[in-house]
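As annotated by TrEMBL, transmembrane segment applies to B:41-62, B:82-106, B:118-135, B:147-165, B:220-243, B:269-291, B:303-321, B:333-356.
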Amino acid sequence: MKSRKKWSQHLYKTPQDRPISATSSLSDNVDYLQRSCFYTDDLITRNLPYNNNKAMILYLVSLSDVEKIQKAIVEPLLLLKNCSVEEAVPVNFKKTNNLVEAEFALNAGQCLLVSEGSETIYIIDTYIPVKRAIEEPGNEQVIRGSHEGFVEHMQTNLHMIRKRINHPNFTVRQFIVGRLTNTKISVLYINKLAKDELIEEIERRIRSISSDSIQTPGFIEEFIEDTPFSPFPQVLNTERPDRVAANLLDGKAAILMEGSPTVLIAPATFFSLYQSPDDYNTRSLVGSFFRLIRLASFIIAILVPAFYISLISFHYEVIPIDMIFSVKSGLTNVPFPPLIEAAFMQITLELLKEAGIRLPRPIAPTIGIVGGLVIGNAVVQANLVSNIMIVVVAITAISSFVVPSNEMSTVLRILGFPFMIAAATFGFIGIVFALMLLLMHLCKLESFGSPYFAPFAPINWKDIKDTIIRVPRWKMNTRPKDAHPSIEKNEYYSREWKNNDKQK
Amino acid sequence: MINKNDTITPLQSSLLIVQSQVGVGILSLPYSVHAIAKQDAWLSTFLAGFIVNGFIWLIILLAKRFPSQSLFQYTPQLFGKWVGNSLSLMYIIYFILVGSLILTLYLNVIYKWVFDETPIWATLLLMVLISIYLAKEPLRVIARFHGFVTVLILGLIGMVAYSYITIDIRYILPVGQSGILNIFKGSKEAAISFLGYELLLVVFPCILNGRKSALKAATYANLFVTLLYGFVVFTSLIVFSPIEIELVPEPILYMLKAFSSRVVDRIDLLLLSIWMVCVTTSYVTYIYLGGKGIQTLFSLKKQSTAVIIAAFLTYWIPLFLQGEVKIAAFSKYVSNISYIFTIGIPVLLLLISLVFHRKSKEQSL
């Protein structure tokens with residue numbers, strides 16, 4: 001603890017450093033500010049005499065809105081004589097006599113107004129955010145429902161969430177982390193609904209971040225998650241405001257970061273990674289069907305290659321007699337053991353996928369030709385891989401892409417490998433043990449104090465309503481318990497009209 | 001004292017007991033009970049379940065007098081340090097012996113049915129390592145796992161029910177032909193498969209609202225296990241003729257081996273997979289109990305160290321215990337001493353605590 005304090009104190013300046021008070025000499029103050037920025041070339045200083053007093057404004061031209069400075073600071077001060085700064089400047093400002101604070105404000109795109117004979121420095125808000133248009137996130141598309149996605153500007157993102165939850169209990173807490181990057185992050189939750197302990201725990205973990213830089217939400221995730229070496233994501237990543245709003249309404253908390261469209265939601269459960277906003281826009285029967293398909297995809301992605309390997313290397317007798325000949329005929333010419341075959345195909349697939357992401361768009365179709373024709377067909381003709389193995393790997397790949405969460409889909413494909421190895425060494429028993437190990441791991445995981453594999457471990461029948469199936473909304477009377485929300489009921493009797501009908 | 005964080009709900013405790021009870025014995029239960037009670041083996045099974053419930057009642061009666069302490073914590077209070085601790089040590093040895101019995105029987109079946117060439121130490125090590133991974137966790141995590149895999153028992157019931165295509169009810173008639181005495185003797189044989197409920201001695205303080213709910217939870221669990229065992233034994237008795245069943249040590253596997261469907265042949269291998277999970281859960285329970293005892297007795301800080309020691313101790317016996325005769329003798333021995341530990345000592349403790357009015361003071365410790 002001691003060494004940590006030392007480290008943070010002596011490396012870089014922080015806004016919390018001991019304040020340095022401004023003097024009444026204009027040149028001294030400006031000199032300090034310029035020196036503190038090491039005379040960086042995008043620092044603009046300009047003389048701006050007003051009320052017959054010498055004064056200067058300083059701003060970073062790269063972050064500040066020059067037009068706004070012109071309109072809101074320079075023009076009023078030059079035109080309005082005998083008028084104080086408070087009266088003349090029409091935009092938000094703050095006063096300080098702490099040079100350290102002024103220095104950091106300058107670096108956050110604010111404009112400083114320093115005048116002769118005064119120790120007060122005006123910090124005037126002239127920051128201009130550069131943002132792109134709101135688009136649908138490419139990695140989380142839906143068929144029906146909102147097509148908005150987060151952007152790199154936090155205020156815009158907050159706007160998108162706030163317009164979905166118009167309630168005074170919706171709370172935003174801001175933190176600044178990273179001593180060099182000074183990244184703004186916000187924790188969002190609905191007060192009185194999210195459990196206090198959860199919010200305290202998240203805030204405690206965020207406060208303990210003591211790092212030079214926070215560049216992506218992935219940094220925050222790795223700093224605050226419970227089990228860093230688990231393959232499963234314990235925080236939900238999303239770029240969809242509707243998904244964030246839905247989770248906030250379940251009593252969870254969201255973490256936004258300036259400069260990234262990805263929002264973290266904590267606590268996450270295994271099944272929350274399998275929910276998509278699409279499910280709630282389709283009829284409940286259809287939604288349930290999709291949920292079951294996704295669950296099946298999890299089992300298929302992990303088990304099918306392993307099952308196939310154990311079948312053809314240990315348990316031939318399980319294959320029905322009519323099928324055994326076709327399986328055998330495909331295998332006779334292949335010189336490799338099934339594990340090598342499967343691993344070869346899986347790795348090829350990963351290569352194709354990775355190449356598909358990196359390739360520039362105009363030459364992307366090449367991958368389709370190489371992957372589909374050359375590898376799919378030629379590999380079998382060259383007797384490197386059996387026909388059925390191609391089918392198995394293809395099914396595995398497709399089902400791993402069914403998961404709505406991209407991290408999870410990669411996890412699925414990675415988990416396939418240990419299962420294949422277990423199957424190749426111990427057959428069915430290997431698979432059973434690997435499955436047990438996976439299940440034990442899932443039972444063990446906890447995300448911010450909530451069991452990860454809820455509602456199955458621990459079993460809670462009530463909460464299955466929104467996991468492997470999706471019951472109609474009017475049946476979801478209570479919130480899922482995994483985030484321990486303080487208010488359990490979320491729906492009373494919205495279909496009361498039906499009863500009224502009958503009574504008439 | 002029990003960590004407040006480490007409580008389980010009554011439902012979880014039920015499932016924990018179910019998973020600890022259902023284990024290695026279920027495969028050979030019809031065979032071993034039939035060997036004594038003949039065609040009335042199913043009556044013996046139900047009777048055993050009934051008697052075991054009495055044991056459970058007594059254990060809970062004892063545990064209720066020390067609601068916030070485990071067996072390892074209150075024995076020194078009852079008897080003083082030396083006698084109490086040696087009693088704890090005996091329990092630890094008992095738990096480890098049952099653990100190694102589970103491993104031995106498990107290996108026996110695996111080598112008969114699936115592998116015959118894999119080295120024993122490897123198969124064994126796989127099981128032990130995976131179980132340690134779970135058993136070193138707090139009880140609530142173990143309860144989560146045990147609770148979840150209980151779903152598999154439904155699959156087991158379904159598979160056994162599959163054999164109802166070829167039954168002959170006349171095999172069990174006339175009911176009661178082997179006589180009351182043999183039925184009772186048979187239930188003694190069946191009771192060994194019910195072992196696992198003695199975990200209440202240790203985990204009782206972790207059960208939420210244990211004083212009120214534990215008895216109900218344990219009774220439901222035992223009822224479920226009794227019905228399951230009764231169903232399995234009954235099915236085996238009406239599927240196999242009296243002469244056949246004497247030849248098949250694992251009747252359930254044999255009867256499923258005979259069937260083949262268009263999609264999967266050898267359903268018995270799937271059943272074996274489910275059975276393996278049940279064996280693992282029972283084994284995990286015992287090394288957890290043994291580990292907990294070691295931790296309390298030697299005041300170890302970490303549960304994981306204690307569990308690893310317990311698991312390591314169970315690892316050796318199956319390695320050296322080869323051959324049907326030796327295994328049968330070991331099994332017989334453990335089943336005999338199990339009566340001392342599941343009913344003998346608890347009743348003694350209960351009597352002593354009643355006579356001397358020893359009860360845990362809530363604030364003590």
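Cβ coordinates come from backbone N, Cα and C, glycine included.
Here the transmembrane segment (B:41-62) has Cβ contacts under 8 Å with residues 29-30, 33-34, 172, 175-176, 183-191, 193-194, 197-198, 200-201, 204, 214-215, 218-219, 222-223, 225-227, 229-230, 233-234, 237, 342-343, 346-347, 349-350, 353 of the same chain, all six or more residues outside its ends.
For the transmembrane segment (B:333-356), the neighbouring stretch richest in Cβ pairs under 8 Å, chosen from B:82-106, B:118-135, B:147-165, B:220-243, B:269-291, is B:82-106. Panel annotation: around the transmembrane segment (B:147-165), residues 11-12, 15-16, 18-19, 22, 228, 231-232, 235, 239, 252, 255-256, 259, 267, 270-271, 274-275, 277-278, 281 of the same chain, lying at least six beyond its termini, place a Cβ under 8 Å from a Cβ of the stretch. Sequence-remote contacts of a segment are chain residues at least 6 beyond its ends whose Cβ falls under 8 Å from one of its Cβ atoms, and for the transmembrane segment (B:269-291) they are 16, 19-24, 26-27, 92, 95-96, 98-99, 102-103, 106, 109-110, 113-114, 127, 130-132, 134-136, 139, 142, 145-146, 149, 152-153, 155-156, 159, 196, 199, 202, 252-253, 256, 303, 306-311, 313-314.
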